[in-house]
Structures are given as structure tokens and as C-alpha cells.
Amino acid sequence: MEKLVIRGGKPLRGTVRVSGAKNAVLPIIVASMLGMTQSTLTEIPELADVQTVCDVIRSLGVEIKKLQKGVLEIDAAGLNATAAPYDLVRRMRASFLVMGPLLARKRKAEISLPGGCSIGARPIDLHLKAFEAMGASITLADGNIKAEVPQGLKGAQIYLDFPSVGATENVLMAAAMAEGKTILENAAEEPEIVDLATYLNSMGANIRGAGTNVIRIEGVKTLHGAAHAVIPDRIEAGTFMVGAAMTGGDVFVENALSEHLKPLIAKLKEVGATVEEEIDGIRVMGGSQRRSVDIKTLPYPGFPTDMQAQFMALTTICKGTSVVTETVFENRFMHVDEFKRMGAKIRIEGRSAVIEGVPVLRGASVSATDLRAGAALVLAGLVAEGETKVGYLYHIDRGYDNLVAKLQRLGADIVRVNMEEEN
Ligand SMILES: CC(=O)N[C@H]1[C@@H](OP(=O)(O)OP(=O)(O)OC[C@H]2O[C@@H](n3ccc(=O)[nH]c3=O)[C@H](O)[C@@H]2O)O[C@H](CO)[C@@H](O)[C@@H]1O
Ligand SMILES: C=C(OP(=O)(O)O)C(=O)O
């Protein structure tokens with residue numbers, strides 16, 4: 001098994017460039033299925049999830065060429081299948097986003113229930129209710145969802161019970177080519193939704209209001225390919241920012257957009273870090289004192305759930321008691337037990353974790369229980385006394401582009417080793 005081996009104690013210093021956003025690139029690659037001509041996408045991060053989403057849409061007849069590092073050319077003229085294979089869908093929840101484009105272009109879709117992720121049950125009822133409102137009939141058999149809309153999708157007024165990111169994206173893609181107008185209320189407002197809408201509009205769609213909680217979509221008959229550069233990854237940026245604050249370092253996170261990171265910036269300042277918002281990135285300098293701070297995750301523009309684990313890593317070494325409350329996912333505290341192995345003092349009370357800061361963490365063997373938990377354990381390893389070994393790296397590989405090389409360039413003592421070879 002491969003592991004990351006980290007020797008803590010080195011402050012992160014220097015410049016790191018943020019890659020394109022995982023949570024923007026996945027829906028954007030899927031949205032390319034709607035184009036009748038070729039799209040060129042740039043700022044594509046090197047991630048296992050990008051590979052998986054490309055495999056999913058290739059299996060449906062879409063041609064994808066990697067022109068050079070970070071650049072994909074996608075041609076969906078030959079889209080010819082309507083069933084997404086189970087072994088790919090189970091690997092990544094975002095695969096379920098192909099349902100919208102398949103219904104729009106092929107009027108039917110068959111997709112396995114997306115793979116359960118350890119952070120919560122993650123149902124897809126809001127996606128399905130929205131498709132039903134647009135005229136689709138949906139059946140579930142043998143773990144597969146079959147949706148059909150023989151007369152084509154019709155625009156509808158849809159209210160999401162929760163501002164789900166994935167459901168908003170699926171509706172945007174379906175409604176872009178539906179007949180008539182769709183009004184989506186209580187829509188998700190994340191920057192990744194805006195990026196998807198920008199791309200769809202450059203493909204010929206008519207979408208207004210993305211980034212607010214009401215999105216209006218006037219359906220068009222066809223869409224064409226377009227050129228698009230994916231936005232920077234605010235969660236990757238946030239991970240390095242927390243790393244700088246934790247290690248008492250000084251890091252310029254190039255390409256990070258401060259307008260996407262307001263809650264994190266505010267909380268880092270509360271902890272005692274200095275944060276400078278610059279035109280081409282964000283500089284974070286960690287102080288010697290770290291004060292305890294409370295956070296509560298919320299849909300955008302609230303504190304992102306995808307930064308909760310990394311921020312909790314920081315609170316483990318803040319002076320005093322911090323409370324971290326998770327409201328978006330019901331089971332996103334798997335990292336707590338791993339932090340405890342490293343000497344952190346944390347107890348869980350319902351949806352909150354109460355963290356009593358300790359002066360030092362100790363290196364230990366720990367497991368990445370999910371993507372952000374993995375990143376959080378790496379951050380903990382950077383400040384721990386002695387050696388930390390982080391296993392189950394496939395979680396981290398899903399969503400961080402060259403994490404080890406980027407950390408090494410910032411001065412971290414971190415290597416990736418194959419433990420079997422070592423023995
Ligand atoms: C690929 C991608 O972009 N992933 C992000 C996306 O996931 P994802 O799109 O899956 O997240 P959602 O916003 O849909 O989920 C938020 C909450 O709504 C619930 N829910 C969602 C859909 C549904 O039909 N029914 C339902 O109950 C979920 O179980 C969860 O508790 O947004 C999450 C919330 O910001 C992030 O953590 C993920 O990194
Ligand atoms: C939960 C995450 O991703 P996904 O929705 O792809 O599982 C994440 O990026 O932290």
C-alpha cells in the first residue's frame with residue numbers, strides 16, 4: 001500500500017499555484033456532452049476524478065483528446081449510448097450528472113445509484129424530483145435508475161428543498177435544452193455553479209441568475225462546443241492557506257480568488273494569521289499564537305464543508321476550545337478518530353466537534369477516510385512531532401493535483417512511498 005510519510009516541523013514557505021477546480025471541472029466536462037461541435041477546456045487539473053468522468057462520457061460515445069497538460073478537446077457529436085456503466089459510476093458521485101445531458105439529448109438515461117461516500121447518505125431525490133417536474137418518468141430497478149422523457153424535457157418551476165450543488169447542476173444542463181422556461185428556486189450559489197453556467201452560456205444556452213438562489217433558464221434547441229478555462233480550486237487554495245497558518249509559515253497561494261474564500265479568510269484572521277488579498281492570489285502568514293475559533297459549515301457563501309476537516313486540523317493546535325459544527329453532511333467527522341491518534345483532544349456532541357487545543361500533535365499511522373479528511377491529516381502531519389504515515393491515498397488522489405510535489409516545493413518533508421517495496 002502506498003503511503004505519505006511526513007516529518008513534521010517545517011513551516012511552509014514560498015509560492016504555490018492553485019490548479020483548476022475539481023468541483024467545476026467535473027460538471028463542465030459532463031456539460032460538454034450537450035455540444036454538437038468540439039469544446040476546448042483549459043486549466044484541467046490532474047486528478048483521478050477527471051480521469052473517471054472522462055471514462056464515463058467516453059463510454060457513452062464522446063471523444064476526448066488531451067492536447068497537452070491541462071487542455072482537453074471534447075467532441076460529443078457521436079454521443080450514442082444512454083446507460084452509464086456501474087463500475088465507473090460507483091467510483092464517483094459526480095457521474096450522476098450525466099443524467100441531465102442524456103435526458104436533454106437522448107430523452108432517456110440509465111444510471112446506477114451513485115457510489116455511497118463515507119461522509120453521508122447523499123441521496124439523489126432532489127435531482128429526480130426536478131427531472132420529474134420537467135416531464136421525465138423515473139423507475140428504480142436493481143440499483144439502476146431509468147429515466148425517460150419521450151416527448152422531450154419541458155421547462156418547469158422547480159424549488160429545491162435544499163440548495164444542492166449537484167441537483168442545481170443537473171437541472172442547469174437539462175433545462176438548457178428543454179422546451180420553454182425553467183425557474184430554479186433555492187438553487188445552490190457556489191462559484192462552481194457560476195462557472196458551469198458561464199460555460200453553458202458560451203455553448204449557446206440562455207441562463208441568468210447563476211450565483212444567486214433563483215436561476216432562470218430559457219431552453220434552446222441545440223448547443224455548440226465552446227472554449228472555457230476552469231476557475232481556480234478554492235478548496236485546494238484553502239488547504240494551502242490553512243497549511244501556512246498551521247505551520248507558522250508564509251505562503252503566497254497564486255491564482256486563488258479571495259472573493260471565493262471570504263469565510264475562510266475571516267476565520268484565519270480570527271485564529272491570528274495575517275492574510276493579504278492580492279490581485280493574483282492570497283498571501284497567508286501564520287503567527288506564533290493561534291487562538292481557538294468556532295466554525296459552522298453552510299452552503300455557499302457560508303463556510304465550505306469541504307474545508308471543515310482541514311480547518312479542524314488547525315483548531316487541534318489552537319489555544320483554547322473550538323467548536324466545529326457540520327450542517328451539510330450528517331457523517332463528516334471520520335477524521336476525528338484519526339486526529340485523536342495524533343494526540344488531539346476532540347469529543348463529538350451531535351453535529352458538533354468540540355476541540356480542546358493541545359500544544360503539540362504527535363506523528364502516527366493514520367488513514368484518509370475521505371478526500372478532505374486525507375488532506376487534513378497531511379496538514380496535521382506537517383506540524384506533528386516525529387513521523388506521520390497517511391494511508392488510503394486514493395481518496396487524496398481524487399481531488400488534489402500533485403499535492404506532494406507542491407508541498408515539497410514549499411519546504412515540507414513529505415514523500416510518497418510504497419510500503420510493500422520498503423519492507
Ligand atoms: C463534485 C462536487 O461538486 N461535489 C461537491 C458537491 O457535492 P454534492 O453535489 O453531492 O452535494 P449537495 O449539495 O448535493 O449535497 C448537500 C446535502 O444535500 C443532500 N442532498 C443532496 C441531493 C439530493 O438529491 N438530496 C439530498 O438530500 C446531501 O445528502 C447533502 O447532505 O457539493 C458538496 C456541498 O458543498 C461538496 O461537499 C462536494 O464537494
Ligand atoms: C465531497 C467531495 O467531493 P465529492 O462530492 O466528489 O465526493 C469533496 O470534494 O470534498
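Even glycines carry a Cβ here, placed using N, Cα and C.
So that you can see what the record holds, here are the features copied from TrEMBL:
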- Cys117: active site, proton donor (ACT_SITE)
- Lys22, Asn23: phosphoenolpyruvate binding site (BINDING)
- Arg93, Arg122, Pro123, Ile124, Asp125, Leu126, Asp306, Val328: UDP-N-acetyl-alpha-D-glucosamine binding site (BINDING)
- 7-407: domain 'Enolpyruvate transferase' (DOMAIN)
- Cys117: 2-(S-cysteinyl)pyruvic acid O-phosphothioketal (MOD_RES)
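For the binding-site residues Lys22, Arg93, Arg122, the ranking by surrounding Cβ atoms (within 10 Å, all protein chains) places Lys22 first. Counted over every protein chain shown, other Cβ atoms within 10 Å are most numerous around Asn23 among the binding-site residues Asn23, Pro123, Ile124, Asp125, Val328. Note on the domain 'Enolpyruvate transferase' (7-407): its mean pLDDT in the predicted model is 96.
Candidate binding-site residues: Arg93, Ile124, Leu126. Nearest to Asn23 (phosphoenolpyruvate binding site) by Cα distance: Arg93. Max Cα-Cα distance over the annotated UDP-N-acetyl-alpha-D-glucosamine binders (Arg93, Arg122, Pro123, Ile124, Asp125, Leu126, Asp306, Val328) is 22 Å. Rounded to the nearest whole angstrom, the C-alpha distance between Val328 (UDP-N-acetyl-alpha-D-glucosamine binding site) and Lys22 (phosphoenolpyruvate binding site) is 19.
Recorded residues Asp306 (UDP-N-acetyl-alpha-D-glucosamine binding site) and Lys22 (phosphoenolpyruvate binding site) have their alpha carbons 12 Å apart, per Cα-Cα distance.
A Cα-Cα distance of 23 Å separates Asp125 (UDP-N-acetyl-alpha-D-glucosamine binding site) from Lys22 (phosphoenolpyruvate binding site). In this view, Leu126 (UDP-N-acetyl-alpha-D-glucosamine binding site) is surrounded by 20 other Cβ atoms within 10 Å of its Cβ, with every protein chain counted. All chains included, 24 other C-beta atoms sit within 10 angstroms of the C-beta of Asp306 (UDP-N-acetyl-alpha-D-glucosamine binding site).
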